[in-house]
């Protein structure tokens, strides 16, 4: 069972989607959730420290989710952060690109709380969280 005090950063340019993910995380018992509206905003917050998990959209202005993921994986201080991609990009090549870039998991929108919980639990299990 993962620590319910884990600090999540939800990254999406659509505020309604950020709120949906935040509320689903709260339903699952995770109340320590902050938001960022794009990859640039997210990186600034991540580099300030203290986050344990990133849930990111793919399509965003300024820096998309894939570039954010690649930047996280090449940053020594952030490289081990779990990153769950939550996106409308359902094409096989997108899923492969995310996996090759180091995504910890991938959820296609729209999704249910059960789907999110299942993906999170798989990541927690794999990382021993």
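For all residues, glycine too, the Cβ spot is worked out from N, Cα and C.
Copied over from Swiss-Prot:
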| type | residues | note |
| --- | --- | --- |
| DOMAIN | 7-124 | domain 'Response regulatory' |
| BINDING | 12, 13, 57, 59 | Mg(2+) binding site |
| MOD_RES | 57 | 4-aspartylphosphate |
| MOD_RES | 92 | N6-acetyllysine |
| MOD_RES | 109 | N6-acetyllysine |
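Close to residue 109 (N6-acetyllysine) in the fold, though at least 6 residues off in sequence, lie 17, 86, 87, 88, each with a CB less than 8 Å from its CB. Looking at residue 57 (Mg(2+) binding site) and residue 92 (N6-acetyllysine), their Cα atoms lie 16 Å from each other. Distance noted between the C-alpha atoms of residue 59 (Mg(2+) binding site) and residue 92 (N6-acetyllysine) is 16 Å.
Once Cβ contacts within 10 Å are tallied over all protein chains shown, the binding-site residues 13, 57 are led by 57.
Same-chain neighbours of the Mg(2+) site beyond 12, 13, 57, 59, judged by a C-beta within 8 angstroms of the site's C-beta center, are, in sequence order, 11, 14, 17, 38, 56, 58, 60, 64, 65, 87. Straight-line distance linking the Cα atoms of residue 13 (Mg(2+) binding site) and residue 92 (N6-acetyllysine), rounded to a whole number, equals 23 Å.
Summarised by DSSP class, the composition of the domain 'Response regulatory' (7-124) is 55 helix, 21 strand, 42 coil. Within the model, the domain 'Response regulatory' (7-124) shows a mean pLDDT value of 95, rounded to a whole number. Other Cβ atoms within 10 Å of the Cβ of residue 12 (Mg(2+) binding site), summed over all protein chains shown, number 27.
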